[in-house]
Amino acid sequence: MGATEVLTVNHLQKKFGKFTALKEINLTLHAGEVLGFIGPNGAGKSTTIRTILGMLRPTAGTVQVFGQDAWRDAVFIHQRLAYVPGDVYLWPNFTGGQTIDLLLKMSGQQHNAKTDDLIKKFALDPSKKNQTYSKGNRQKVALIVALSSDVALYIFDEPTSGLDPLNEIVFQQEISRLKAAGKAILLSSHILSEVEKTCDTIAIIRQGQIIEAGELAALQHLTRINVTVTSDQDLTALGQLPGVHQFQQQSGTTNFAVDTDQLQTVLQALAAKKLTAIQIAPPTLEDLFLRYYDQGNVKQAEVSTHA
Amino acid sequence: MLKENFAQTGALLKINLRRDGVKLLAWFLILVGLLVGYAYKIGTLFAGAKAIATLIATLRTPAMIAIMGYIPDQQPMTEAIIYSSEMVVFMSLFAGLASILISVPATRGAEEAGLVELLRAKAVGHQAFIAAAWLENFLFNGLLLLATGLGLQLAAMDGANSAGNWLLAALIAGSGLLFGSLGILAAQLTREARTATSYGLAALGLAYLLRMVLDVSHHQANWWSLLGWPEQAGVYYRNNGWPIVWQVLALVLVLVAAMALNAQRDLNGGLIAVRPGKTTSRFLRGPLTALVKSDQRSFWSWLLAAVVIGLMYGSIFNHIAAIITANPLMQQIVSAGKQQQAVTQLILNFLTLLSVVLAVLGTIRGQLLLNHLDLDAHKGYLELYFARPISRLRVFSSYLGWSLLNAWLVLAAGLAGLYWGSAAVMKQPLALKYFVRIFSGYFLPVAVLVIVSALLVAWAPRWRQLGLVYTGVGFVLMYFRSLLKLPTWVVQLVPYGWVRQVPLKTINGATVLSLIVISLVGIGLAYWGYRRRDQNFN
């Protein structure tokens, strides 16, 4: 990579009283890189992000942004950072337009042509009061502010959870634009496919721990593709192929999962059959976790046989 | 129809009771404790004919009538009649306050939190939330009636009778339920629980002030005020039951109105539609301006309310002056010039009490505003600040500064109202210097209490309401210190007690200095705590 490190999280631990929210978090983000931060609800994504933002004080470990301490130098760091929280709450009696300007002003940014462009693209009515906005519209306000800011690091906490598919596309286009401009982006999500589309590297968090991290391509071994086929012919033989898992048959419909590296073989076998329908779905976060647990079990099993 | 509208009311009531258990119990104990406790103690507090005669004379002054309520003058006085004259207005006021603070959160509060939306999607009736909140109020006030009635029976004050005991209990509980129902009605009018609460409290405050003005001038007419009704009963001497009937009729009316409004309006909506506004604002630029703008409506309401309260108190000053000038004995022994001095002295004495009321008003405004430092964090507004190059010092000082300024503004507005009101009715108006003296005496104790709230928000945000409790304790101590003959050290447990002689005397330099030092140390400690703690949202 060689690019400068924008964000470094080292052995971060965070406790709230007796409860340990974060056990061991390590993250690195370089300029021009998009880091996907994924995990189920309650895994510690928002807690990690708020520690990076200097809102929570680490119990142990270090968090550095632009080479500065996230807690101590928060104000300095935030001059070059934009953030969209997971749940956006806005002052009820301000209009959307007033809120956008206020948030930009507080970030030391200006309302510019890009802001107007984004308002149009996201189809937001800025004359409405915040209290009449839906969750998606409030999210748009925060997104417009962040995306029209010119900073070095962007942090998005589940940014598309309230957006419709059209707005989601706008968001992804904007991410690509920022990436091309050499910005660093941290994108948290619980939807794997969303992260896959935009991210270079991913880090998977579960119960306060990073359980996998690395470049997306290198993690493909973890993912399986779900295949559903309908055929008049008997497909039982497919279940015997290497790399096929969770093979299930029910009245002409066959469901199974294939390891990505074995996809070629399986598709060739399918091509020989007469199919009426075929559906190939990308792996979900759930699949990924299942796979991870499988591996964990295998490792444990191996350990126990060795012993 | 009945099923459609009221389905699951019982289940909701159970949820409400479980959620509000501690709050209900606390209010219940406070109210019953005061009512029954005082009934047991009144005989020992005022033992002997002389003590009682002094007490009656004090209670008959217009100042005390204004505060406590009407006291009959054609009756042979008994312990029980003194008790009812002292307690019936104030405890009705407290029961009303408790009931509003129970009913609004159970209706609009639940709606604001999204609970109503969640449950209305299930088989829960359209009016079930109203019915459950009302039943919760009914149970609370019903138990209050039983406990108070029984307690009074057992206390067996001199001159008490069963009819009077139960009537008094019923009037207080009835006032509670009536204001609780008004709270439910207010909850239908506006989208925000906060606004609904302030509507309810405004109705309560207006009822209290209206009866005050009527009591000192034409007490027969005090049925114009909801809090005048309990006085109309003449507990223990007339035992008139009609006010109870009025209360029940009013209750039904209010409840029907609330349900009719609820049937009309949209979920999460109020009666007043939200209009679009300007897309830009020159004013907004940071945490302070955002706080000022989002708090705009409260700002003006508090100032207006303070002026009105001041005006109403001020408008009874001539009645206080009248008792000296009308007293033939006074006229004989005191020359005209001395008479004026005596009037001034009497009014200044009354002012030591009124100052506390206005100071408490300002304090509460400041503390409520300061609590927003924590509330706004939970609402998620502060997350937007702290993700930006905005320091904790800036956010903290914006909230504290605006809270202190508002506390002082409300105090000043109340004093201005008091000055205008008194100047309008008195032949020889009280000099402005006394009002300035009150402000310069009380602005530091008010600040100390607001800073206590800041310390709580910084160090123990969960307990932030304790600041308000401390103020409430301060009010009770100051208000009843002479009636309850409280020792000085007890009164000095609250900052108000340090300046209790104002405006009879000016505040002394040593007190000013210690209050300033306490304030500065408090601000320093609060900021230190705020800077080092986690910011928790949602």
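Along the chain as shown, the residues are counted starting at 1.
Even glycines carry a Cβ here, placed using N, Cα and C.
Database features (TrEMBL):
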type     : residues  : note
TRANSMEM : B:24-40   : transmembrane segment
TRANSMEM : B:87-107  : transmembrane segment
TRANSMEM : B:128-154 : transmembrane segment
TRANSMEM : B:166-189 : transmembrane segment
TRANSMEM : B:196-214 : transmembrane segment
TRANSMEM : B:244-263 : transmembrane segment
TRANSMEM : B:302-326 : transmembrane segment
TRANSMEM : B:346-364 : transmembrane segment
TRANSMEM : B:399-422 : transmembrane segment
TRANSMEM : B:434-459 : transmembrane segment
TRANSMEM : B:466-486 : transmembrane segment
TRANSMEM : B:506-530 : transmembrane segment
Best-contacting stretch, by C-beta pairs under 8 Å, relative to the transmembrane segment (B:166-189) and drawn from B:128-154, B:196-214, B:244-263, B:399-422, B:466-486: B:128-154
Contact set, same chain, for the transmembrane segment (B:434-459): CB under 8 Å, 6 or more residues outside the stretch: 348, 351, 355, 358-359, 362-363, 366-367, 370-371, 373-374, 396, 400, 403-404, 407-408, 411-412, 415-416, 418-419, 466-468, 470-471, 474, 494-496, 498-499, 502-503, 506-507, 512, 515-516, 518-519, 522-523, 525-530, 533
Leading stretch by Cβ pairs under 8 Å, where the reference is the transmembrane segment (B:196-214) and the options are B:87-107, B:128-154, B:346-364, B:466-486, B:506-530: B:87-107
The transmembrane segment (B:24-40) and the transmembrane segment (B:128-154) contact flag, 3+ Cβ pairs under 8 angstroms: yes
Proximity verdict for the transmembrane segment (B:346-364) and the transmembrane segment (B:466-486), three or more C-beta pairs under 8 Å: yes
Non-local residues, at least 6 beyond the ends, that sit with Cβ under 8 Å of the transmembrane segment (B:128-154): 5-10, 12-13, 15-17, 20, 24, 27-28, 31-32, 35-36, 39, 95, 98-99, 102-103, 106-107, 110-111, 116, 119, 160, 162, 165-166, 168-170, 172-174, 176-177, 180-181, 184, 255, 258-259, 262
Non-local residues, at least 6 beyond the ends, that sit with Cβ under 8 Å of the transmembrane segment (B:87-107): 16, 20, 23-24, 27, 30-31, 34-35, 38, 68-69, 129-130, 132-134, 136-137, 140-141, 144, 168, 171-173, 175-184, 186-188, 193, 196-197, 200-201, 204, 207-208, 211, 227, 230-231, 233, 235
Contacting positions for the transmembrane segment (B:466-486) when only residues 6+ beyond its ends and CB under 8 Å are counted: 45, 55, 58, 67, 86, 353, 356-357, 360, 363-364, 367-368, 370-371, 449-450, 452-453, 456, 493-497, 500
